[in-house]
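**Student:** Structure in structure tokens, see below.
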Amino acid sequence: MTNIRKTHPLIKIINHSFIDLPAPSNISSWWNFGSLLGLCLMIQIITGLFLAMHYTSDTTTAFSSVAHICRDVNYGWLIRYMHANGASMFFICLFLHVGRGMYYGSYTFMETWNIGVILLFTVMATAFMGYVLPWGQMSFWGATVITNLLSAIPYIGTTLVEWIWGGFSVDKATLTRFFAFHFILPFIITALVIVHLLFLHETGSNNPTGLNSDADKIPFHPYYTIKDLLGALILILSLMTMVLFFPDLLGDPDNYTPANPLNTPPHIKPEWYFLFAYAILRSIPNKLGGVLALILSILILAFLPFLHTSKQRSMMFRPITQVLYWLLVANLLVLTWIGGQPVEHPFIIIGQLASISYFSIILILMPISGIIEDKLLKWSL
């Protein structure tokens, strides 16, 4: 009798994706983050669904409905904080996943990488709209400031902003449509994830050496299922520690004040995972220039395959590029710190220098270091 796992039209897809999938024998824990992102997405969809059952997307009751969830709904506080901190965990995993891809040259899988960049943009859009829903001060002003950036687009800017707002300011129409989009986008993300995996399984996974691993493959199950399970346990442990002991650690106290269009908070800033991009936006005095730099700070990832000059795929054996890579990581941490600081001396100049070095490292220094390393190895003949 043939195994149902290998014959059933639906089960065999799962079999080829998660059970009998040939995987490189040497992929490290940096390859765990894909499955952890899948877990994060599932947690967010489930907790989000239960939150949506009690939430009301009306300006007069949105803030109260979130308070009601936390006070009156059975385990509502748990669901709410799992959802809020789950987003932070999602972004931690995303940044590590992208960082892994950059370090080991996974961006040479063009289709997989480009879908990944689209996924990153989509998740960022979803997180931004989700932050608006509790209708606290930072929700309202964050929505006002970020949507207002579109007014920098020549000619159609102002019309576009008012069209997105559904009026002349961020109001009921804005909140309702943001709720609708925040609800639908995770399902679009899920569809994109399937496409992401589809393209990945066309080529197979990369590995730390960046070399072809066709000669040395092992089945995904049980080797990597058990490895992913360990990662999942660590993720859940970290998330629940955050939720149960430090639920407001990454949140903004201003969001416990109901939205008030007549009172601007002293420092408008987004959630921590957007601070690096926010710092780049603020470092350019021109509005349109800032918006373009903001978009480019993420879109630059799509250009990585074309900026790869080395004959080696991975950075594993490329010490000069490694130094630049870790400088870039440190630089992003500086940008994240600056994004949360007020616009005054010395933070302005630090932010501008960090923004310049961010783009310089990726666009100029890394491609040059790739060429230098090839010359040192006498590979550039």
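Just so it is clear, glycine is given a Cβ too, placed from its N, Cα and C backbone atoms.
Sharing the record's features from Swiss-Prot:
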TRANSMEM  33-53  transmembrane segment
TRANSMEM  77-98  transmembrane segment
BINDING   HIS83, HIS182  heme b b562 binding site
BINDING   HIS97, HIS196  heme b b566 binding site
TRANSMEM  113-133  transmembrane segment
TRANSMEM  178-198  transmembrane segment
BINDING   HIS201  ubiquinone binding site
TRANSMEM  226-246  transmembrane segment
TRANSMEM  288-308  transmembrane segment
TRANSMEM  320-340  transmembrane segment
TRANSMEM  347-367  transmembrane segment
**Student:** Measure the Cβ-based neighbour count of HIS182 (heme b b562 binding site), defined as the other Cβ atoms within 10 Å of its Cβ.
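**Tutor:** I count 21 other Cβ atoms within 10 Å of it.
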**Student:** Provide the number of Cβ atoms within 10 Å of the Cβ of HIS196 (heme b b566 binding site), excluding the reference atom itself.
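**Tutor:** Result for HIS196 (heme b b566 binding site): 21 other Cβ atoms within 10 Å.
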**Student:** With pairs fewer than 6 apart in sequence excluded, do the transmembrane segment (113-133) and the transmembrane segment (226-246) have three or more C-beta pairs that lie under 8 Å?
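**Tutor:** Judged by the Cβ rule, the two regions do not touch, with the required three close pairs absent.
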**Student:** Which of 77-98, 113-133, 178-198, 288-308, 347-367 has the most Cβ pairs closer than 8 Å to the transmembrane segment (33-53)?
**Tutor:** 77-98
**Student:** Between HIS182 (heme b b562 binding site) and HIS196 (heme b b566 binding site), find the distance joining the two CA atoms and give it rounded to the nearest Å.
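**Tutor:** If we compare the Cα positions of HIS182 (heme b b562 binding site) and HIS196 (heme b b566 binding site), the gap is 21 Å.
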**Student:** Which residue, out of the binding-site residues HIS97, HIS201, shows the minimum number of other Cβ atoms inside 10 Å of its Cβ in this structure?
**Tutor:** HIS201
**Student:** Sequence-remote contacts (6 or more beyond its ends) of the transmembrane segment (347-367), Cβ cut-off under 8 Å?
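**Tutor:** Same-chain contacts beyond the ends: 279-280, 282-284, 293, 296-297, 300, 303-304, 307-309, 321, 324-325, 327-328, 331-332, 334-335, 338-339, 341.
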**Student:** Looking only at Cβ atoms, how many others are within 10 Å of the one on HIS83 (heme b b562 binding site)?
**Tutor:** 21
